[in-house]
Amino acid sequence: MMSIYEVALQIRFWSPIILFSIGVPAALLNAIIFVSIKTFRRSSSTYYIVGQSLSDVNVLLILLLQVIPSTSSSVSSIACKLILFFLQLTVSVAMSFLCLSAFDRWACTSQSARIRQLSSIRVAQRVFPIPFILWSLVNIPFLVYCDLVPPIFSCWFTNDLFMRIGILVLSQILTVLLPLIILILFGLLTYRNIRLVIHVRQQPNQSRQSNWEQQMTRMMLIQTLLSIFCTIPRAIFVVYTIFTIDESVTRNFDQLSIIFLVDTLTISIISLNFASSFYIFLLSSPRLRQMIQMHLKCLFNRRNNQVGSTNILLTIPTLSARRTTRVTVRPTVENKPF
């Protein structure tokens, strides 16, 4: 029978592989669908969804590389620095876009015209590069103060002050606790706005854009709710770690194994945020499913038409060659002397 430590090792090995297998194709489909379909491009949330999808792919890829011995962070000093830097960067960017999506839905459903102006394509275009630039600058110390530490040459911090800043502030508060607070706040505000709209009972003759925005709000609200549930276990573990960080020296092996197991489970649960967006959108929006089916049918019909036109183009030169042959042969027969 496996011990607690061995169970945690198995979960830490198989969890990134499973999440990568189901998450990367879904994230790529998410980005392709929202970029290629014109109706989706009219919504400001598309920019945040595409940014989150691209970040999700990178997060799942880095998590997968860590369980492969030849590409793990312990291979070399450069691998240690780059993997920790990009892991922290991509996780922060993905959570930022998730919070921006929640903010955009709150602004879109607000009763105030001034607040609704914040939910626009122009604002989304300007905000889109900010998470990449901001978190790239904030996480630069990971490139400086992380390296292979002897005697076992594991990838860890080389500076005690930055170790506390990186573990407690950057890796825990800014990427777990703060996004959780933002998601809960704007999730509740968006739900309140939706209740106000239902209570006011706006005119039934609405445009297609408003109907689609309602679908987007429903999709993003469900995603926000699931993200909150996936983040809460990790947040509880983070708070526990912060308040008991001084007791880690006195713990025995069994206690450390239990903490390691809980740590692994909470990481796997919060990683569902990076692999579930496409499935949430697909299950929560019937109109999205209809539009995907419609565009797939148009794509297949277009391919069939291209094949048919290619066959026609191949047969026309043959017919024209036969006609020209008949025309050129007849004069030679008539002009032949008897």
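Quick reminder: no glycine exception, Cβ is built from N, Cα and C everywhere.
Lifted from TrEMBL, the feature list:
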type     : residues : note
TRANSMEM : 13-35    : transmembrane segment
DOMAIN   : 26-281   : domain 'G-protein coupled receptors family 1 profile'
TRANSMEM : 47-68    : transmembrane segment
TRANSMEM : 83-103   : transmembrane segment
TRANSMEM : 123-145  : transmembrane segment
TRANSMEM : 165-191  : transmembrane segment
TRANSMEM : 225-245  : transmembrane segment
TRANSMEM : 257-282  : transmembrane segment
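Remark: the transmembrane segment (83-103) makes no contact with the transmembrane segment (13-35), by the rule of 3 or more CB pairs under 8 A.
Most Cβ pairs under 8 Å to the transmembrane segment (257-282), among the stretches 47-68, 123-145, 165-191, belong to 47-68.
Confidence for the domain 'G-protein coupled receptors family 1 profile' (26-281), expressed as mean pLDDT, is 90.
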